[in-house]
Each structure stands twice: as C-alpha cells, then as structure tokens.
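Feature annotation from TrEMBL assigns domain 'G-protein coupled receptors family 1 profile' to 41-290. Here TrEMBL flags 26-48, 60-78, 98-120, 132-155, 197-225, 237-260, 272-292 as transmembrane segment.
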Amino acid sequence: MEEENKTLTTDFTLLGLFPNMKYVSILIYIIILIYLVTVIGNFILLLLIWMDLRLHTPMYFLLSQLSLIDLALISSTVPKMMVNFFSGRKDITIVACGTQMFFFFTLGGAECILLTLMAYDRYVAVCNPLRYAVIINHEICLQMVIVSWTGGILVSTVHTSYTMNLPICGSREIHHFFCEMPAIMKISCKDTSTYEVVVFVMGIAFIIIPFGFIMSSYTFIFLTVLHMKSPQGRNKALATCSSHLTVVSFYLGPCVYMYMTPGSSHSPDQEQAVSVFCTVLTPMLNPLIYSLRNKDVVGAFQKVLRKHPVSKWKT
C-alpha cells in the first residue's frame, strides 16, 4: 500500500517523440514549422472572419470556433514537447500531466461535437434555405458552442479522473510526447480492460454517432444539390461541404483507431504517429482546407491585401 501511494505522488517521465528514432531532431524542427504555420494560418482565418462583414454568418462563426479549438489543441502538446526536447528534461508533474490531459480531451471532445453541429448548419443552409435565418440564428449558434464545450469538459473529466488515479507500480516512463490516456494505461499495474469498454462506449457516443449524423446530413445535402438548377449554387455547396467532409475524415478517422480499438493491438510508435496526425497535422490543415476551397475566404483575404498591400508594410 505504501508503494502504491508513492506512485500517485511521483512525477512522470515523457520519453518524447519516437525515442528510438535516429534523426528525431529533424522531425522536431518540422513539427515546429508546422506549429508556426498552424498558429499563423488559424490567426489569419480568425482575423478575416472578424474583419469582413460578409463572413459574419453562422457558418463562419462556427468555423472561427473550430480555429480556436485547433489553436488550443496544438498548443496543449507541442510547446511542452519543444521545451523537453531543447532542455533535455523529460519529467512532468502529476498536476501538469493531468492538466494537459484534461485540456486535450476537452478540446478533442468539443471538436467532435462542433463538427457535427457544423454539418447540421450546412444541412439547414442547403436543404432548407428559406428558414435558415430563423433556425440558425445568433442565439442557436451560441448554444451550439456551449454544448460543444460542455460535452468536451464532461468527457474530459471522466477520462482524466480515472487515468490520473491509476496505480503505477513499476516504471513511470510514458512512451509518448504528451500525457495521452492509452500510454498511461499501459504502464499501470491495474487491469484496465473494463475501462477500455467504457472508452469504447464513449467512443460510440462522441465519434461513431457524430459521424453517423454527419454522413446523414451530407447524404441529404448531396441529394438536394443534385436537384439544384444553378451550376454556381451547386458548385458552391459542394465545395463547402467537401471541405467539411475532408476535415471530418482527417479528425475522426484516427480517433476511431486510437480510442475504439484495443490498446494491445497497436504499438507505442503507432500511437504516436496517429497522435501527431490528430494533434499536429490536422490543426494545420483545417484553415488551409477551408480557405483554399472557399471563395468567400479567398475574397476576404484579397480584399485585405488590396487595402493593406505588402509594399506599405515594408515602407
């Protein structure tokens, strides 16, 4: 009992990103570059949505919330990884580990719900355009955001509370670059098979069911688009919806692998690769996908450049 209590008050050791990789420093520098691109890309998107009145719509309000979540998500893991790499220190306190895990699951859960609500927004806009302004008003948008964050906080509280109270009887080395739940469960001396079932059930609630709602929404959207007489309207609807579906696939696909398959079925390196994709690459890709394939965002960016050309900044 004394040993068990001791393990609950001792720091963890983060082994870092692919500890057995020979040239991991190259990967770290690439991730730093991705982090900078992510921060700049999401910040520009947020700035454009705030500055351009044409983007003051429910869709772009929800998109701005997605950008905020992506900024916070990548910032919850990458800065700590960079500090550990350059300082040579790999330790992390229980409080810091629990805090990192709490924010990670809060942001991840909020994003799953928000992506579902964004699909509903597009469904109403395309399939019921005459009532769109009534159904998706400012109050409803705020409620969507509140529901997203509340759901994320609830699922995060459950996962963090359970994981951070697991007894660690042996090595406290976490084979990961941040405090990820499956990695901590693997070093626990407690049988976690029952909780893996709980994780699977919560995965159904936060991954499979949202994905089902999203696919149903886009099925109805696709059928409606096929009957549109205007090629311009059809192309605009397809461009917006395809961007959203791409983001959904990039985010929910890896989540299914990580949280809805047995932990014993994948190696630590595989888990890290999936985590890099979810927490590093996806936040960078989201603003690029939504901006490059969206004429409204591109138009807003060109408008800003015309008003504030780069040549003025240099002078």
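For all residues, glycine too, the Cβ spot is worked out from N, Cα and C.
In this chain, the transmembrane segment (98-120) lies close to the transmembrane segment (237-260): three or more C-beta pairs between them fall below 8 angstroms, excluding pairs fewer than 6 positions apart. Here the transmembrane segment (26-48) does not lie next to the transmembrane segment (197-225) in space: the count of CB pairs under 8 Å, restricted to residues six or more apart, is fewer than 3.
Counting Cβ pairs under 8 Å that are 6 or more residues apart, the transmembrane segment (272-292) and the transmembrane segment (60-78) reach 3 or more and are in contact. Within the same chain, residues 59, 66, 108, 111-112, 115, 118-119, 122, 126, 182, 199-200, 202-204, 207-208, 210-211, 214, 218, 221-222, 225, 228, 266, 271, 274-275, 277-278, 281-282, 285-286, 289-290, 293-295 sit at least 6 positions outside the transmembrane segment (237-260) and bring their C-beta atoms closer than 8 Å to a C-beta of that stretch.
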